[in-house]
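Below is one structure, written out as structure tokens; the observations come after it.
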């Protein structure tokens, strides 16, 4: 619902909208139709990402798979902008400032107050269960004075730039997901939010810092990254429209769909780029099956299931 209302959501734990649930189911059906199977699922501590994973897993008949949740896959923390209307912020502060706060790579929005309900330190899941952060001296002092007793408090973010978000997301991928899953040959499903996915794609597709803010992440679209070919693939949804024409990846989208590489890093001359980018074509039987699944009046797109 926050997306429909044009609000900054960030770490606010807004539930998955009904439309999001429909999209997640469609994504699961599309992945199943293309024969995808997974061994492990990663998601954030935000309910909407967790629910998305559940819907997809249900369609894939794999609700039994292990799920690893980490706050490091959370959406970007929008600080004092959390819950505010994007339109209102743009009108009040000007379009240039609005764009800098929303997409500036190193620009942080105004910090949220230590005692705001939007500060993660006032949320039990972060205050109690985050174990991989240092203590904050300043926050511990503030809370000790306010409550009249000694308190230790973790260094939780009060606002994040896009770079701050990536500085927690990319290391989680490289230091946890890669060694414990990908290096063991496991097939990984990640259900997360826009800026977390933007960070992963920046790392996987070598997108420069100067270009990353121009990358758009379409809502409701499974994005497949093949670690062997180092290619991003999109799945044929039976519409007959090339996915690259149907979805907007922004000015930096060209970094996602590059020639596939051999193991030695050389271009694969036999690789059909259009085939790799679209995931291949469906047979007539599969296309009819997909239309039956979607129904004659459904315009829902696949859900944000990434990697």
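Including glycine, each Cβ sits where the backbone N, Cα and C put it.
The feature substrate binding site is assigned by TrEMBL to 9, 10, 48, 75, 76, 77, 78, 86, 102, 103. When other Cβ atoms within 10 Å of the Cβ of residue 76 (substrate binding site) are tallied across all protein chains shown, the result is 29.
Feature annotation from TrEMBL assigns region 'Disordered' to 276-307.
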Can you tell which of 48, 102 has the least company, meaning the fewest other C-beta atoms within 10 angstroms of its C-beta, among these binding-site residues? 102
If you count the other Cβ atoms within 10 Å of each Cβ, which of the binding-site residues 9, 78 comes out on top? 78
